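S.K.: My questions will all concern the structure given below.
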């Protein structure tokens with residue numbers, strides 16, 4: 001029998017699908033990545049084509065194995081990690097989606113959320129799902145599809161439609177429609193899953209008018225869900241053995257498996273998660289209570305704060321303002337000036353996430369004078385990522401009663417040394433950047449590998465988490481608080497803008 005030397009992580013993100021092949025020492029052997037189309041039918045609406053998601057993801061799997069000359073019988077397992085909340089509804093007979101995937105960033109269901117609040121559902125949803133009533137989560141997206149796509153409601157009532165977050169859709173496609181599952185971490189992001197009972201909440205489903213028959217079976221983040229024969233020569237069936245939403249996968253990849261350990265992922269958005277173990281901590285500060293992975297992939301509780309615009313605000317500097325030609329140049333230009341010259345950028349392009357939860361906030365630049373140049377704006381945009389992270393971390397420490405000794409970081413933007421140092425300064429906390437920054441893929445691979453015995457256990461995995469660099473805080477306290485106070489004033493200027501703007505029209 002061929003020795004199984006590899007685990008593959010499929011990392012299905014907001015802008016690209018990736019496949020990452022890891023060996024037994026958790027070294028990256030091969031990577032393949034494909035971008036796919038972002039669809040913006042109206043202002044504030046964001047969609048993806050589910051067929052394109054599957055096509056790009058399956059082709060990266062084939063390509064990553066092919067590039068490294070790896071046969072499928074050398075792969076012990078596949079782990080999946082995915083953009084969360086993004087909603088796919090498809091017909092189980094035809095296998096075709098009834099509508100495009102509605103992406104987590106999409107704000108089209110703001111009015112549905114207002115209507116549900118008016119019906120008094122907010123506190124029930126908060127207490128039982130751990131989430132706030134916001135367009136971000138899957139529940140109102142499913143309701144929108146059933147209410148607005150011709151024939152969808154009738155097909156759903158007849159038991160012909162299935163719902164899935166992206167993980168569910170990929171597993172269903174990869175198993176030729178045999179397996180309809182999700183894991184606890186993804187289920188906890190739908191606003192339809194009761195995190196106290198660990199079951200779909202039938203009261204919420206009834207209130208949203210969503211049939212239970214559409215919902216996938218919910219399983220641990222580390223177990224064999226099914227087999228796939230996609231990906232490489234040999235045609236061997238590979239177990240799909242790990243699933244976790246991208247942020248929970250990163251938390252696991254950083255080995256934050258004990259209560260009180262936390263990480264921040266700097267991707268399209270920023271996501272700060274703190275593992276709270278078996279204790280469900282309810283936030284009084286606008287954070288979410290969600291499910292994460294315990295040591296063996298079983299459900300554990302976590303606090304989460306989501307910032308909608310992290311790396312996406314750097315893309316805005318590049319693509320819309322044309323101030324930089326490459327995202328990596330932002331560090332060079334930001335360090336050409338000593339300060340932001342009193343400028344604050346609040347990148348609330350799609351509203352504000354935690355701890356504000358203001359769907360009507362909009363992007364704002366304040367403090368402009370004639371002396372401000374493009375470098376100041378670039379610097380202020382980078383600084384906004386660090387300020388938003390502090391907003392969330394302050395709330396998290398207040399809720400949990402735990403003062404973090406260090407923050408573990410990952411995601412594309414952690415390569416930016418200016419941002420990491422500024423982050424340490426703003427937080428007055430050490431920031432630890434790991435050697436392997438692909439921790440989301442690492443988490444999915446670890447979960448899959450553990451399920452099939454590729455790795456023995458947690459101790460073996462914890463030995464692989466090496467730190468590349470620690471950033472220590474430099475700012476004095478007075479300067480830190482003065483700058484942060486300025487940020488808070490800038491946020492006030494951005495809030496509720498769309499409401500006032502609409503009234504004026």
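A Cβ is built for glycine as well, from the same backbone N, Cα and C atoms used for every other residue.
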S.K.: Which one of 124, 136, 301 goes with 14, 84, 85, 246 at the sn-glycerol 3-phosphate site, as Swiss-Prot has it?
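M.R.: Between 124, 136, 301, Swiss-Prot records just one in the sn-glycerol 3-phosphate site with 14, 84, 85, 246, namely 136.
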S.K.: Please state how far apart, in Å and to a whole number, the two most distant Cα atoms are among 14, 84, 85, 136, 246, the recorded sn-glycerol 3-phosphate-binding residues.
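M.R.: If we measure all Cα pairs in 14, 84, 85, 136, 246, the largest is 15 Å.
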S.K.: May I ask for the distance between residue 15 (ATP binding site) and residue 268 (ADP binding site), taken between their Cα atoms and rounded to an integer number of Å?
M.R.: 9
S.K.: Return the single residue from the binding-site residues list (311, 412) that has the minimum number of other CB atoms within 10 Å.
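M.R.: Comparing Cβ neighbour counts within 10 Å for the binding-site residues 311, 412 gives 412.
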S.K.: Where residue 268 (ADP binding site) and residue 136 (sn-glycerol 3-phosphate binding site) are concerned, what is their Cα separation in Å, rounded?
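M.R.: One finds 14 Å between the Cα atoms of these residues.
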S.K.: Quick one: pull the CA-CA distance for residue 315 (ATP binding site) versus residue 412 (ADP binding site), whole Å only.
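M.R.: So the alpha carbons of residue 315 (ATP binding site) and residue 412 (ADP binding site) sit roughly 12 Å from each other.
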S.K.: Counting across all protein chains present, how many other Cβ atoms fall within 10 Å of the Cβ of residue 18 (ADP binding site)?
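M.R.: If we count other Cβ atoms within 10 Å of residue 18 (ADP binding site), we arrive at 23.
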S.K.: Which one of these binding-site residues, 16, 268, 416, has the sparsest Cβ neighbourhood, judged by other Cβ atoms within 10 angstroms?
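M.R.: Output over binding-site residues 16, 268, 416: least Cβ neighbours within 10 Å is 16.
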S.K.: For residue 84 (sn-glycerol 3-phosphate binding site), identify the closest of the binding-site residues 18, 247, 311, 412, 416, judging by Cα separation.
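M.R.: The smallest Cα gap between residue 84 (sn-glycerol 3-phosphate binding site) and any of the binding-site residues is with 247.
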